[in-house]
């Protein structure tokens, strides 16, 4: 993407506040025109002094324009600052909203720290560009566009010096941009690596400390910082060279203007006031050209991060649903997977040609080895992904034809990882339903066997749980997650190994709550426990993305297939309160009795 396209796209974000932006632009143009008039008026004052004429009128006009310039500059600075700050926060919020709608696979591939780093650095760069556009860029362009024609009307010979100076600045800028383009892109990559390392180590600080990795991880960060310096310094060298060349060209131009001016005055071809005006023009032009050079530097520096941000914006925009998508209402819970196929890109993993039907109120247990596609099946139900082939229907409606918001409103999920926010206990439960009353929150906690341990905390329901629930035990985290699902009160329930971290006593309490919750609700359970599978109306055995077997527990156990093999191998966890029966090597005695199982 060219530098001009990047700049233009950055400016398009200001269109949301069109009136404020236009007002700032008009004020900036007025400031530029007033600034241009100052050297002319100053020259007239000097000429009036030289001619011993009336200096009061030009002085008064000069003072009036100076006062107006000050007020306009303050107005522009104040308005531009506020507008740039508002748009920075606005773009950050809009982009954040799109980011959190992206599928999990996108976040896993890109990395959370990468997306966060891109968002923060890009919005900071956009803020700087917007601010400089309204404060300096526009006034600089207007000033340069009017300065040369005005100077040419005064003296063509002196104007050539200013034109040559402008050409030299342009040539130097083009040279440096060409030399630093690839280097600046490399700098941005090293910035990402450094940020990712910091984020990775801090999020795993317990591992870093327990394995005595503090010195090693710090040294790794030093290495990343050194690589960043090695990539950054050549770029900085080119811009330092550009600054020196620009300063040399501007100094030489001032000398030429003074020498030519003095020569023309002695020959009677120019007045002293006109020479003074040209000196003011030269100083003004040098200042504006320096601003242009700084602007190019800013844009080149921001180029890589903005290109990455725009690519991220385009990717998230493609995920946005069209307006007026139908909602899924009055869900009964009849669910059909009709020849559903989905495969993760370049992985060979997914689910293939899966078909089954679940009647309203039925409980489905999904079992199978690791990587069988159990979680993928659930993610497809919630439209984290859309099928590549086939269709998923709820109450006869294809889920792709309804809004994700309404679909997910109909599904309450208890994830394997509880996924708690660094907020209070009540706020975490209230994620299930934001407008729930305190009494409803407490009732959900009681149903999930969480109320007693919450009250035992120092702040009760106002206790902050820490980052990802770090201040709670594994069982406490899962009970809050279950309370959240209970509070949501959705017609479809998904439990992803929801009771795996609970002790026997607590699990029994939670199981009763879940049984009550799942009554008359369509329930999917990714199950590792025998009791869960036994009580299910339908068991789906997944392996390598294929639905190998389906039916009731007894049907599959008696069939002598893969599910029966899983039972014989003890692949489902026994309840802790049930004593394990010994297995004699070489015998056909199973670890627990299964009616009709085949030896």
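Counting starts with 1 at the first residue shown.
Glycine is no exception: its Cβ is also placed from the backbone N, Cα and C atoms.
Fair warning: this is a prediction, and the values are worked out from it, not measured in the lab.
Check Swiss-Prot against the ranges 114-134, 135-155, 156-176, 177-197 and you find transmembrane segment recorded for 156-176. Long-range Cβ contacts of the transmembrane segment (276-296) within its own chain (Cβ-Cβ under 8 Å, at least 6 residues beyond either end) map to 3, 35-36, 38-40, 42-44, 46-47, 132, 136-137, 140, 143-144, 147, 150-151, 154-155, 158, 161-162, 165-166, 169, 172-173, 176-177, 242-243, 246, 250, 253-254, 257-258, 261. Within 8 Å of the centroid of the Cβ atoms of 368, 369, 370, 371, 372, 373, 374, 375, where the record puts ATP, the same chain has further Cβ atoms from 542, 543. If one looks beyond the transmembrane segment (22-42) by at least 6 residues along the same chain, the residues whose Cβ comes under 8 Å of a Cβ in the stretch are 58, 61-62, 65-66, 68-69, 72-73, 75-76, 79-80, 83, 134-135, 138-140, 142-143, 146-147, 150, 276-281, 283-284. In three-state terms derived from DSSP, residue 371 (ATP binding site) belongs to neither a helical nor a strand segment and is classed as coil.
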